[in-house]
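Trainee: Pulled these features from TrEMBL for this protein:
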SIGNAL    1-22  signal peptide
DISULFID  C28-C182  disulfide bond
BINDING   H84, H86, E90, H133  Zn(2+) binding site
CARBOHYD  N122  N-linked glycosylation site
Amino acid sequence: MVGPCLISFFFFFFNLLPFSQALEASHCSIKGFTLVRNIGELPQGDYGRGGLSHITVAGSLLHGLKEVEVWLQTFAPGSRTPIHRHSCEEVFVVLKGSGTLFLASSSHKYPGKPEEHFIFSNSTFHIPVNDVHQVWNTNEHEDLQVLAIISRPPIKVFIYEDWFMPHTAAKLKFPYSWDEQCFQEPQKDEL
């Protein structure tokens, strides 16, 4: 027969177990993450880019995903992504607000003058692999909020100073800003 002290100990221990596992799980550890998470409790930041709020909803480094990553990004009026490209597919769903997508092909020596596409609440668009693009909140009165889904995470981003910078001069940013804290192992270059 088990005594009342031993029963109290087991009750205390098993009630503290989830708490201790959560403490053991760092910001970058998939250990201790629950299947269902509250987006409002996920890490978010501007990563040195004023006017941006980025949350990795489901990610490779944070949550152990291998094929896709999902981001929730909010751009204040006038804010934008850098001009960039990456060797993965990307799909956007505009949740609120409006803005402009600038898109140029990667088939020339440099991006060149981009096509401009108006984006708006409930619209969706995709970015082909390696096409140079920029998302810009051109709405002066409202935030632009998007859900972005990328393939093949974590991504290597090539950043351009302008639309006429040669592809070979674009600067590699890897790991990308929101992956820096959690990135541990160097990966082989794709070339």
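Including glycine, each Cβ sits where the backbone N, Cα and C put it.
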Trainee: Provide the number of Cβ atoms within 10 Å of the Cβ of the residue listed as 'N-linked glycosylation site', excluding the reference atom itself.
Mentor: 8
Trainee: Among the recorded positions listed here (H84, H86, E90, H133, C182), which has the Cα closest to the Cα of the residue listed as 'N-linked glycosylation site'?
Mentor: E90
Trainee: 10 Å Cβ neighbour count around C182 (disulfide bond)?
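Mentor: So the number of other Cβ atoms within 10 Å of C182 (disulfide bond) is 19.
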Trainee: Relative to the mean position of the Cβ atoms of H84, H86, E90, H133, the recorded Zn(2+) site, which additional same-chain residues have Cβ within 8 Å?
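Mentor: These residues sit around the Zn(2+) site: T81, R85, C88, I127, D131, V132, V157.
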Trainee: Going along the chain, which residues six or more apart from H133 (Zn(2+) binding site) have their CB under 8 A from its CB?
Mentor: T81, I83, H84, R85, L101, F102, L103, A104, P114, I127
Trainee: In whole Å, note down how far the CA of C182 (disulfide bond) lies from the CA of E90 (Zn(2+) binding site).
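Mentor: E90 (Zn(2+) binding site) to C182 (disulfide bond), Cα-Cα distance: 22 Å.
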Trainee: Using a 10 Å cut-off on CB atoms, tell me which of the binding-site residues H84, H86 is the least crowded.
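Mentor: It is H84 that, of the binding-site residues H84, H86, has the fewest other Cβ atoms within 10 Å.
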Trainee: What is the number of other Cβ atoms found within 10 Å of the Cβ of E90 (Zn(2+) binding site)?
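Mentor: The answer is 20.
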